[in-house]
Amino acid sequence: HGRGMKHSLPDLPYDYGALEPHINAQIMELHHSKHHAAYVNNLNATEEKYREALARGDVTAHVALQPALKFKGGGHINHTIFWTNLSPNGGGEPKGELLEAIKRDFGSFDKFKERLTAVSVGVQGSGWGWLGFNKEQGHLQIAACANQDPLQGTTGLIPLLGIDVWEHAYYLQYKNVRPDYLKAIWNVITWENVTERYMACK
């Protein structure tokens, strides 16, 4: 990014209350307007410091800033995907080539759903469960990432569907019962978006 190329908070493609009753408006508003906004603001500030360190030739400083870039940049990347993976018209099953690929790589849609649910529920502490595409091998893979580690930068997989299992994504509604949140989120996942991502990278 050149100077003045700042990251900005993307608009949600729906209202804060649109995913009710599965994810309530209070969670969506805080998650988007506070949590995601903070990642964007902090990413911009960190990139500015990083550019200054590079300009000074200060290798120590720019190495020291890399974990912050990964965390804040990952937070921005991950949430930007997450919002578009969700829709009030979500739920159901994918169709066409994505469904065929899911059946090929996981046996059935239900088996895939069970597997991604188990991986997401099993994340220790904060993190994400992902459906990704392994371009080299030409197949779908499920992976978990810690904290805000971005899927592609961490595993090389291209992100298709992300499930945020940070407590801020569900605690106000589901308390400490992460499996209940996972059960609910399948009702608002939009397979159209996941399919678009799949078709664009395969």
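One-based numbering along the chain as shown.
Cβ coordinates come from backbone N, Cα and C, glycine included.
Marked as transit peptide by Swiss-Prot on the basis of similarity to another entry: 1-5.
Secondary structure at HIS168 (Mn(2+) binding site), taken from DSSP and collapsed to helix, strand or coil, is helix. The Mn(2+) binding site annotation in Swiss-Prot covers HIS31, HIS79, ASP164, HIS168 and rests on similarity to another entry.
The Cβ of TYR39 (3'-nitrotyrosine) has LYS72, GLY75, HIS76, HIS79, GLN148 as same-chain neighbours under 8 Å, each 6 or more residues away in sequence. Sequence annotations record features per position, and here Swiss-Prot assigns 3'-nitrotyrosine to TYR39.
Cβ neighbours within 10 Å of LYS49 (N6-succinyllysine), excluding its own Cβ and spanning all shown chains: 15. Per Swiss-Prot, the feature N6-succinyllysine maps to LYS49 (among others).
The feature N6-acetyllysine is assigned by Swiss-Prot to LYS49 (among others).
Same-chain residues at least 6 positions away in sequence with a Cβ under 8 Å from that of LYS95 (N6-acetyllysine) are, in sequence order, TRP191, THR195. For LYS95 (among others), the entry in Swiss-Prot reads N6-acetyllysine, with the evidence type similarity to another entry.
The DSSP secondary structure for LYS103 (N6-succinyllysine) is helix. In sequence order, PHE109 are the residues near LYS103 (N6-succinyllysine), counting only same-chain partners six or more apart with C-beta under 8 A. The N6-succinyllysine annotation in Swiss-Prot covers LYS103 (among others), and the record cites similarity to another entry as its basis.
For LYS103 (among others), the entry in Swiss-Prot reads N6-acetyllysine, with the evidence type similarity to another entry.
Feature annotation from Swiss-Prot assigns N6-succinyllysine to LYS111 (among others). Less than 8 angstroms from the CB of LYS111 (N6-succinyllysine) sits no same-chain residue that is six or more residues away.
Residues or ranges marked as N6-acetyllysine by Swiss-Prot: LYS111 (among others).
Neighbour density for LYS183 (N6-acetyllysine): within 10 A of its CB lie 14 other CB atoms from the protein chains shown. Positions annotated as N6-acetyllysine by Swiss-Prot, on the basis of similarity to another entry: LYS183 (among others).
HIS31 (Mn(2+) binding site) has a Cβ environment of 23 other Cβ atoms inside 10 Å.
Taking the C-alpha atom of LYS183 (N6-acetyllysine) as reference, the shortest distance to any of the recorded positions HIS31, LYS49, ASP164, HIS168 belongs to ASP164.
Neighbouring residues of the recorded Mn(2+) site, listed in sequence order and excluding HIS31, HIS79, ASP164, HIS168, comprise HIS32, HIS35, HIS36, PHE82, TRP166, ALA169 (Cβ within 8 Å of the Cβ centroid). Separating the Cα atoms of LYS49 (N6-succinyllysine) and HIS168 (Mn(2+) binding site) is a whole-number distance of 28 Å.
If you draw a 10 Å sphere around the CB of HIS168 (Mn(2+) binding site), it holds 13 other CB atoms from the protein chains shown.
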